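Peer 1: From Swiss-Prot, here are the annotated features:
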type: REGION; residues: 1-25; note: region 'Disordered'
type: TRANSMEM; residues: 35-55; note: transmembrane segment
type: TRANSMEM; residues: 77-97; note: transmembrane segment
type: TRANSMEM; residues: 127-147; note: transmembrane segment
type: TRANSMEM; residues: 165-185; note: transmembrane segment
type: TRANSMEM; residues: 196-216; note: transmembrane segment
type: TRANSMEM; residues: 234-254; note: transmembrane segment
type: TRANSMEM; residues: 275-295; note: transmembrane segment
type: TRANSMEM; residues: 315-335; note: transmembrane segment
type: TRANSMEM; residues: 365-385; note: transmembrane segment
type: TRANSMEM; residues: 394-414; note: transmembrane segment
type: TRANSMEM; residues: 422-442; note: transmembrane segment
type: TRANSMEM; residues: 447-467; note: transmembrane segment
Amino acid sequence: MGSGPADEEHTVDTEPGVSPPRRTVGGRETVRAAVVVGALGVVFGDIGTSPIYTIQTVFNPEDPHPVPISTNNVYGVVSLIFWSVMLIVTATYVLLVMRADNDGEGGVMALITLLRRMGAVRGSRVTAVLAGLGIFGAALFFGDSMITPAISVLSAVEGLKVVEPGLEEWIVPITAVIIVALFSVQRRGTAAVGRLFGPVMIVWFVSIGACGVSGIARHPEILKALSPTYALSFFFGHFGIAFFALAAVVLAVTGAEALYADMGHFGRRAITRGWLVLVLPACVLSYLGQGALLLGDQSAVSSPFFLLAPGWARWPMVLLATAATVIASQAVITGAYSVASQAAQLGYLPRLRVAHTSESTIGQIYVPWINWVLMVSVLTLVFAFRSSAALAYAFGMAVTGTITITTLLFFYIVRTRWGTPLWLVVCGAGCLLAVDLLFLAANLTKLVHGAWLPLLIALTAFTVMTTWQRGRAIVTRARERAEGSLGDFVGQLHDYRPPLVRVPGTAVFLNRGKQTAPLAMRANVEHNRVLQQHVVIMSINTLPVPRVPDTERTEIDKLGYAEDGIVHVTAFFGYMDAPNIPDVLRLLDPAETEGPIAVDSASYFLSKIELTMGTAPTMATWRKRLFIATSYITADAAEYFGLPGERTVIMGSRIDV
């Protein structure tokens with residue numbers, strides 16, 4: 001199976017990013033509020049549901065390194081959670097990392113793009129190594145995308161055993177049903193449901209904050225945990241306990257990467273305000289309230305989040321928590337689609353079939369292959385681990401790895417791209433990376449207890465992506481040598497002796513651009529010595545707009561020769577347009593294409609590469625096999641471009657890898 005025409009003959013013109021909505025004088029506050037509410041429904045679902053399971057996991061008596069419940073330990077853990085959130089989420093991400101954007105876009109892939117640009121300019125080996133580290137961070141995110149829906153929905157449904165212990169055996173089946181339903185509706189898009197996400201999350205944050213206040217009111221002394229002295233005293237006074245506790249404390253900052261990754265859709269200012277005004281206070285109040293509950297009743301450690309709610313509110317809280325965790329899962333699933341799509345555009349994955357589900361937001365996409373891989377993976381995790389506590393350390397490993405890599409890449413860019421003084425970078429990076437590395441080290445101690453899972457997923461994804469990048473570079477070089485210059489090839493057509501036989505009919509050759517000759521066209525000429533009277537060489541260019549009007553659909557180039565029946569057409573599509581080639585041909589002006597094109601009888605030629613195992617030492621044998629296997633998921637070009645199957649000719653060329 002080849003790398004596929006869909007991967008080779010389709011280009012995407014990716015503009016830098018999606019600018020956040022601008023404020024207008026007349027509707028200044030309305031626009032700002034709408035954007036913040038939208039961010040609440042998409043960005044903060046993951047981090048906003050962390051209070052469900054964080055403290056419960058820290059004090060889990062079945063933990064291999066349990067934290068004993070005592071008054072001092074409760075103060076220390078709550079203080080450690082609070083200052084971890086302040087240092088990692090507020091200081092690292094909100095105040096610092098979110099300032100490093102790729103023309104408005106955020107996330108680890110944006111940092112990789114910046115590093116690749118710097119590497120192209122400077123040719124630095126360090127830049128290349130860090131870009132590779134960034135790819136591993138993106139691979140860790142795929143692991144996060146599998147673990148988040150499993151642990152989030154499980155933790156919410158586990159509230160059933162608090163309100164009705166007899167339902168405990170139904171937790172896993174109910175979770176599985178919710179997961180299947182969640183992934184099954186992805187193809188319909190989330191635009192309609194998404195409008196409800198923001199208001200639901202507002203209710204969620206107000207509710208957990210209110211429950212926290214009720215707990216604090218009963219034991220206001222818990223407010224002392226806001227002092228960093230309690231965190232430091234716990235950490236250094238009980239280092240053996242506190243160090244291992246970090247592996248669970250890090251669950252409080254899960255979703256921090258989402259704040260940065262979704263910056264392109266909502267803007268840094270809207271996300272910052274949503275975090276500081278509502279999300280941070282609500283989460284802190286919930287943690288303080290749960291700590292206060294444990295001060296008065298240590299037996300509540302089995303489920304402090306749900307037991308914090310009054311008895312009459314526990315059923316509604318279970319339902320609300322389930323809705324919130326579904327929203328959190330939706331955010332990370334959409335993030336996986338975006339990362340996969342960006343990885344394909346950067347050449348780390350083959351061209352995937354991407355369906356855009358919104359005309360107003362380019363980021364709302366559906367990638368079928370990724371969707372079903374995620375669903376199977378999430379269900380496997382649910383049935384294998386069966387509880388949120390069992391998944392906690394797998395989750396922590398994915399989070400700490402991504403955060404550490406993001407922080408490292410950020411400070412390298414701060415120094416090399418922004419020219420920040422070295423002493424300032426060393427101080428800032430030293431402090432924040434020390435915190436990140438402590439969390440990472442604590443999670444590494446949990447390798448045998450589940451932390452191996454995200455590393456295995458990340459290593460697998462990293463290997464696939466780097467192998468595809470390497471293999472694609474090998475194939476591209478070989479293909480360019482085989483194709484040759486389009487201008488030279490067209491010139492040679494006029495110099496054939498005896499002249500080429502021009503047979504009646506229209507031939508449409510899809511190609512990657514105007515620089516090289518289509519392999520199918522070259523093979524037809526060199527082997528058959530014939531060419532149709534009317535030849536259209538077409539390249540596809542997708543623009544970052546919903547739709548392109550028909551008046552701006554095409555650009556025609558006669559390639560330097562008039563009246564020879566050969567033209568090059570560049571067709572422009574928006575990301576919501578279905579790229580239908582026959583429809584494009586009907587739009588062409590016969591005066592510009594050297595006569596009318598017989599669309600209903602035209603033949604369409606695709607160049608397809610057959611990949612074979614070569615003897616050249618380009619890659620290890622197992623990587624060659626992996627590259628060839630990965631090529632099978634490339635989207636079918638004929639179907640993608642709307643070509644009639646009975647008049648589509650696929651002409652293959654063999655390339656050794």
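Every residue, even glycine, has its Cβ placed from backbone N, Cα and C.
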Peer 1: Which listed stretch (35-55, 234-254, 422-442) has the most C-beta pairs under 8 A with the transmembrane segment (196-216)?
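Peer 2: The stretch I would name here is 35-55.
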Peer 1: By a Cβ-Cβ criterion of under 8 Å, what residues six or more beyond either terminus of the transmembrane segment (315-335) are in contact with it?
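Peer 2: Result: 41-43, 45-46, 48-49, 52, 141, 144-145, 148-149, 152-153, 155-157, 159-160, 162-163, 178, 182-183, 186, 190, 197, 200-201, 203-204, 207, 211, 255, 258, 261-262, 305-306, 309, 363-365, 371, 374.
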Peer 1: For the transmembrane segment (165-185), I need the partner stretch with the highest count of C-beta pairs below 8 angstroms, choosing only from 35-55, 275-295, 365-385.
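Peer 2: The stretch I would name here is 365-385.
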Peer 1: Hey, which bits of the same chain come close to the transmembrane segment (127-147), Cβ under 8 Å, at least six residues off its ends?
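Peer 2: Cβ under 8 Å, 6 or more out: 108-109, 111-112, 115-116, 118-119, 257, 332-333, 335-336, 339, 343, 348, 374, 377-378, 381, 391, 394-395, 398-399, 401-402, 405-406, 408-409, 412, 416, 453-455, 457-462, 465-466.
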Peer 1: Between 35-55, 234-254, 275-295, 422-442, who has the most Cβ pairs under 8 Å to the transmembrane segment (394-414)?
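Peer 2: By Cβ pairs under 8 Å, 422-442 leads among 35-55, 234-254, 275-295, 422-442.
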Peer 1: Grab the same-chain neighbours of the transmembrane segment (234-254) for me: Cβ-Cβ under 8 Å, and only residues 6 or more beyond its ends, written as numbers and ranges.
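Peer 2: Residues 46-47, 50-51, 53-54, 57-58, 60, 63, 65, 67-68, 72-73, 75-77, 79-81, 84-85, 88-89, 148, 283, 287, 392-393, 395-396, 399-400, 403, 438-439, 441-443, 445-446, 451 contact the transmembrane segment (234-254) from elsewhere in the chain.
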Peer 1: Restricting to CB pairs under 8 Å, which listed stretch, 77-97, 275-295, 365-385, is in contact most with the transmembrane segment (422-442)?
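Peer 2: Checked against 77-97, 275-295, 365-385; highest Cβ contact count belongs to 77-97.
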Peer 1: Near the transmembrane segment (35-55), which same-chain residues lie under 8 Å Cβ to Cβ, leaving out any that are not at least 6 residues past its ends?
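Peer 2: Contacts with the transmembrane segment (35-55): 20-21, 77-78, 81, 89, 148, 151-152, 155-156, 194, 196-202, 204-205, 208, 248-249, 251-256, 258-259, 262, 265-267, 270-271, 273-275, 277-279, 282-283, 286-287, 290-291, 294, 304-305, 321, 324-325, 327-332, 334, 388-389, 392.
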Peer 1: What residues elsewhere in the chain lie close to the transmembrane segment (365-385), defined as a C-beta under 8 angstroms and at least 6 residues from its ends?
Peer 2: 145-147, 149-150, 153-154, 172, 175-176, 179-180, 183, 186-187, 189, 333-334, 336-338, 340-341, 352-357, 391, 394, 450, 453, 633
Peer 1: Given a Cβ distance threshold of under 8 angstroms, which distant residues of the chain, six or more beyond its ends, lie next to the transmembrane segment (77-97)?
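Peer 2: Contacts with the transmembrane segment (77-97): 47, 54-55, 58-59, 67, 106, 222, 225-231, 234-235, 242, 245-246, 249-250, 252-253, 256-257, 259-260, 271-272, 275-276, 280, 283-284, 287-288, 290-291, 403, 406-407, 410, 428, 432, 435-436, 439.
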